[in-house]
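Report on the following structure.
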């Protein structure tokens, strides 16, 4: 089997994908790309605005195009949005074109990490954000597990420690 050179980070919002991804890219001297940031740059608008104007469907279409394009690059660490796995096409591209790492976290930790963040459209203007996170986990966690080459809980470790663990696990995967 040819060695997979890309590393794709998946998992729920607040799992640390972007923070860990930056550390990982630095350790491996690879480019770091965040699919949500890429969508915002190309749209010239933030994700909340895209959700407001185009709805979640419009956002997901943009996300599919971006993930298809980004996963064709070589030597990148890609942090995906929490809902990227909802698309079968995204799951196929991610699992076929790189090492998929599922950064797992508890709903409680997610809630702590996201409660002051105003850039999470699915958590805005809802009565019970914790319940929304629970509902999302029920749908998305099995999809994360379906395509993950490696699963790592992120609740207790710093981003730097997590990035180092990922490097070791990838070395073992290909050792």
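Just so it is clear, glycine is given a Cβ too, placed from its N, Cα and C backbone atoms.
Keep in mind the model is a prediction, meaning the values are calculated, not measured.
Per Swiss-Prot, the substrate site holds 36, 60, 140; the candidate it also names there, chosen from 14, 16, 82, is 82. The closest partner of residue 16 (ATP binding site) among the binding-site residues, by CA position, is 82; the full candidate set was 36, 60, 82. When the Cα of residue 18 (ATP binding site) is compared against those of the binding-site residues 36, 60, 140, the shortest separation belongs to 36. Restricting the binding-site residues 36, 60, 82, 140 to those with a CA within 10 Å of the CA of residue 15 (ATP binding site) leaves 82, listed by sequence position. Residue 82 (substrate binding site) has its Cα within 10 Å of the Cα of these binding-site residues: 14, taken from 14, 19, 157.
According to DSSP, residue 15 (ATP binding site) is assigned to coil rather than to any helix or strand. In this structure, the C-alpha atom of residue 36 (substrate binding site) lies 11 angstrom from that of residue 17 (ATP binding site).
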